[in-house]
Structures are given as structure tokens and as C-alpha cells.
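Undergrad: Quick paste from TrEMBL:
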- HIS61, CYS97, HIS100, MET105: Cu cation binding site (BINDING)
- 28-111: domain 'Blue (type 1) copper' (DOMAIN)
- 1-21: signal peptide (SIGNAL)
Amino acid sequence: MPFKFVLMTLWALTVSLNTQAKDWQIKMLSYGEKGPMVFEPDFIQAQVGDTVTFVPTQSGHHVKSYVTADGQDAWSSKLNETYQISLDHEGINLYYCPPHLMMGMVGVIQVGNPINKAAVDAKYPSLRAKVALHPERVDALLKNLE
Ligand SMILES: [Cu+2]
């Protein structure tokens, strides 16, 4: 096979991979890289058309939305359920694990641009007030938004 053709094939493959919708896997963990009670990764920068699968890698967790992007349906999974959502709208989604909100089990999915940042900033303090442990970890999440 001519080398030039190999390069063109690789280029075409790269382009198609980059434009394909992605399924993000977010693990729900009792202990992860950042400590106890975490979503991993706890922040993702996704695109409209992607999906997210919450995986109960360790038991005792579930996931509930707190603020969603405009048009995105609120969601709530059952305990220890593998749960998938489709990201059909641009903006920020802020979510948490109800049993472990107090321990800072919070995550952020940014889809495209953070066009609803004002709404997130307005609603964040009442969520933050319920976080007793690792609040700095949760604050750091919000600093990712841009
Ligand atoms: Cu949890």
C-alpha cells in the first residue's frame, strides 16, 4: 500500500472518530482518586449528541440531576442502577448522589458552552450548603466552567 494512501486512511479514520458521538462512562465510587464518595470523572466537557452512562462500579450510589441545561430533562436513577442519559442540549448539568451529597458527591457535565452559567451560579449555594465534607472539592468543580 502506498505510504500516502496509508496516511490518508489514518486521517479519515481520525476525522470520523472525532466527529462521532461519544458515550462517557462515569463511575460511581465509594473511594476514588480524589477520595471518598466520588463520581469519576467528576467533570466532563461533552458535545451535544453524546451520551453519559453512570456506572455503579461500587454499590450504594445513585445519581440525580440538580440543575440541567435548558431543555435537558431532569433525571434520577435507582440505587445501584447503570443509568444512561442523552445530552441533547447545550449547557451545564450539575448532579449529585443523594445519599452522599453531604460528603461532597457532586459532578458536572458541561455540554458545549456553559450558556446557563447564571442559573447554575444562582442555584449552587443551596446545594453547597448541604455539603459538609470536601466542599472545596465541589467548589473546584464549578471553577472548571468556561
Ligand atoms: Cu454516593
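For all residues, glycine too, the Cβ spot is worked out from N, Cα and C.
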Undergrad: Of HIS61, HIS100, the binding-site residues given in the record, which has the fewest other CB atoms within 10 A of its CB?
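TA: Counting other Cβ atoms within 10 Å of each of the binding-site residues HIS61, HIS100, the minimum falls on HIS100.
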Undergrad: Name them in sequence order: residues not among HIS61, CYS97, HIS100, MET105 whose Cβ is within 8 Å of the mean position of the Cβ atoms defining the Cu cation site.
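TA: In sequence order, the nearby non-listed residues are MET28, MET37, VAL38, PHE39, GLY60, HIS62, VAL63, TYR96, PRO98, PRO99, LEU101, MET103.
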Undergrad: Rank the binding-site residues CYS97, MET105 by how many other Cβ atoms lie within 10 Å of each Cβ and give me the one with the fewest.
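TA: Taking CYS97, MET105 as the binding-site residues, the minimal 10 Å Cβ count falls on CYS97.
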Undergrad: DSSP on MET105 (Cu cation binding site), three-state: which is it?
TA: coil
Undergrad: Please classify the secondary structure at HIS100 (Cu cation binding site) using three-state DSSP.
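TA: Where HIS100 (Cu cation binding site) sits, the three-state DSSP reduction gives helix.
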